[in-house]
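Structure provided below as structure tokens; questions to follow.
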Amino acid sequence: MSGLWRLRNLKSLALHARSISPVSNLYSLELGSCPRRRIQERFKSEQGGGGGGGDDFPVPVTRRKLRAEPNCPRCSKQMDLLFSNRQFPSSNLLQRPDDSDSSGAGDKTNFQSVNFCPTCKTAYGFNPRGVSPLQGTFIEIGRVQSPTTTTTNATTSKSTRKQQQHSKDPNQGFNYRNKLRSSFWDTLRSYGAEPPEDWSPPPPHSPLNSSPPNTIPVNASPSAVDTSPLPDAVNDVSRWGGAGLGRDFPTPKEICKWLDKFVIGQSRAKKVLSVAVYNHYKRIYHTSMKKGSAAQPIDDDDNVELDKSNVLLMGPTGSGKTLLAKTLARLVNVPFVIADATTLTQAGYVGDDVESILHKLLTVAEFNVQAAQQGIVYIDEVDKITKKAESLNISRDVSGEGVQQALLKLLEGTIVNVPGKGARKHPRGDHIQIDTKDILFICGGAFVDLEKTIVDRRQDSSIGFGAPVRANMATSGVTSGAITSSLLESVESADLTAYGLIPEFVGRFPILVSLSALTEDQLIRVLVEPKNALGKQYKKLFSMNNVKLHFTEKALEIISKQAMVKNTGARGLRALLESILTEAMFEIPDDKKGDERIDAVIVDEESTSSEASRGCTAKILRGDGAFERYLSENKSKDATEPMVDERVGSAKAMRL
């Protein structure tokens with residue numbers, strides 16, 4: 001009895017599937033044959049019942065699912081396709097146009113299957129048009145832009161008129177689409193899978209919509225679409241720069257002027273970095289133009305292959321190494337990532353592999369491989385991975401020399417398999433191949449006591465530079481910043497090798513740049529002049545509560561002197577300002593009116609002179625007009641007030 005009942009359902013299924021012709025056709029599927037072990041997979045009926053039910057029970061609706069393994073239309077990865085005879089509500093979207101003329105019009109059963117791709121998190125509806133072999137049409141759930149979907153199969157004018165008759169109500173297709181979505185979630189929960197991500201369609205002006213409506217852009221993920229207005233191309237993630245700027249790429253002088261707006265001092269380092277970045281992306285641009293042209297070079301000299309030149313920055317902490325690299329990446333608009341060399345270990349040990357650096361770069365590039373292959377990688381604290389001194393310890397140096405050896409091919413240029421999910425390498429995991437030959441690597445480090453190695457190499461401890469260095473080392477143990485900077489300018493590869501870097505690692509950095517320690521005057525300029533100056537940052541922070549912030553010239557001098565004593569460079573300035581302004585920032589958020597309202601905060605000589613005792617705080621002026629009264633009482637020719645014009649975001653200095 002059970003066999004007869006199954007045979008009857010199979011005949012009905014084949015009869016209806018043969019009579020269906022798809023109206024919407026986004027993606028077509030044709031499977032010539034399916035493995036026998038995947039042909040039938042039976043599930044119990046949702047409504048219960050059996051084959052021998054009595055008259056008191058309704059006829060059971062049995063759902064049979066046939067499993068196939070086609071490729072996903074979006075990501076081309078393998079996915080499971082479940083074909084069932086679940087009955088959906090009929091509509092003009094999924095019902096074939098000439099149902100009214102077909103035999104058995106009263107039984108309008110649409111054989112549907114709602115499927116989910118686990119790789120790209122995309123949901124599809126499946127309309128079959130043949131069972132043996134299985135043929136049908138994919139409909140992407142949530143991406144249908146109109147009640148009627150474009151069809152690739154030519155239809156007659158008669159069927160078109162009948163389709164228009166089915167869609168007289170303009171909201172009919174939209175309402176059915178919502179019903180289809182709700183049915184999809186019910187079916188998906190029964191499969192035990194997680195719902196896909198909510199990917200909104202790209203805006204009309206987005207580059208992703210430049211393709212025809214029935215095509216999907218390649219190498220573009222919906223998460224890369226930013227619907228918010230962007231003021232300039234620097235923050236536009238949908239259009240990367242680098243070699244793509246072509247002849248519009250800034251010249252070294254233009255790059256140096258841009259760096260002057262953000263970094264104080266370091267004129268020689270700015271020139272060297274400007275030339276290095278310009279030559280790097282000019283090489284990539286001309287190489288791509290050469291590959292794109294079909295003409296063969298006449299002279300053999302045109303076939304010269306240009307290698308990249310990585311950069312090694314050396315300088316004390318707070319001198320601007322990281323800021324220089326970050327500002328360069330922002331100017332040329334390429335993906336930029338900062339890696340810490342102290343967290344890297346050799347492959348197979350606890351810690352981050354060197355491939356994790358490329359995965360971070362790929363993440364910043366929104367998984368755009370072409371953009372990531374022209375990015376900038378800054379590896380900080382590279383002086384901390386020097387090899388250990390030879391001793392009785394025979395264990396492997398996995399965080400020192402082992403990391404240097406692992407970085408060799410990465411710096412030179414090779415194809416690296418990056419794990420897709422950022423985990424360690426797995427033989428069966430998905431990998432993304434990245435070519436590092438066009439990635440600019442900038443390494444930086446403080447290289448403490450490197451000047452001692454330079455003095456030993458020069459062998460002039462009695463005269464010249466060696467005499468003051470030896471004298472300072474003998475008396476105080478610390479050399480002056482000017483002498484140290486002069487010695488670092490004459491650094492050579494042999495000095496770095498003696499410091500603990502292996503020769504192969506040093507050879508990957510033909511450009512050696514030394515940065516000098518900031519002077520007291522330069523620290524004062526750091527507080528007021530750059531676009532991202534600390535004084536402007538705190539003034540903007542206070543202005544959010546309608547409170548004015550004022551620095552006197554004497555206070556700026558005292559703050560810079562205290563930062564020089566700390567020997568932490570520009571980083572010490574923020575710590576000092578936080579200590580001085582903490583009490584004011586604690587009181588300001590309280591909403592008070594009248595004489596209790598905070599009108600301004602003053603940082604003067606008295607607020608900064610006792611910083612060493614941790615008892616100094618900025619002066620708080622309360623009441624309307626308190627700031628104007630303070631200015632009139634303390635008017636001085638030498639006092640300056642750095643102010644922030646919020647309308648244009650530029651800095652001004654107003655004489656009080």
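For all residues, glycine too, the Cβ spot is worked out from N, Cα and C.
Among the features that Swiss-Prot reports, transit peptide is placed at 1-44, with the record citing sequence analysis. Swiss-Prot lists 142-177, 193-235, 634-656 with the feature region 'Disordered'. According to Swiss-Prot, the feature compositional bias 'Low complexity' maps to 146-158. As annotated by Swiss-Prot, compositional bias 'Polar residues' applies to 216-226. Annotated ATP binding site per Swiss-Prot: Pro316, Thr317, Gly318, Ser319, Gly320, Lys321, Thr322, Leu323, in sequence order, evidence recorded as similarity to another entry. Taken from Swiss-Prot, the feature compositional bias 'Basic and acidic residues' applies to 634-649.
Neighbours and distances for these, please.
Listed in sequence order, Phe262, Val263 are the same-chain residues six or more apart from Leu323 (ATP binding site) with CB atoms under 8 A from its CB.
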Specify the secondary structure state of Gly320 (ATP binding site) as given by DSSP, simplified to three classes.
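Where Gly320 (ATP binding site) sits, the three-state DSSP reduction gives coil.
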Using the recorded ATP site (Pro316, Thr317, Gly318, Ser319, Gly320, Lys321, Thr322, Leu323) as reference, state which further residues of the same chain have their Cβ within 8 Å of the centre of those residues' Cβ atoms, listed in sequence order.
Gly315, Gly444, Leu515, Gly569, Ala570, Arg571
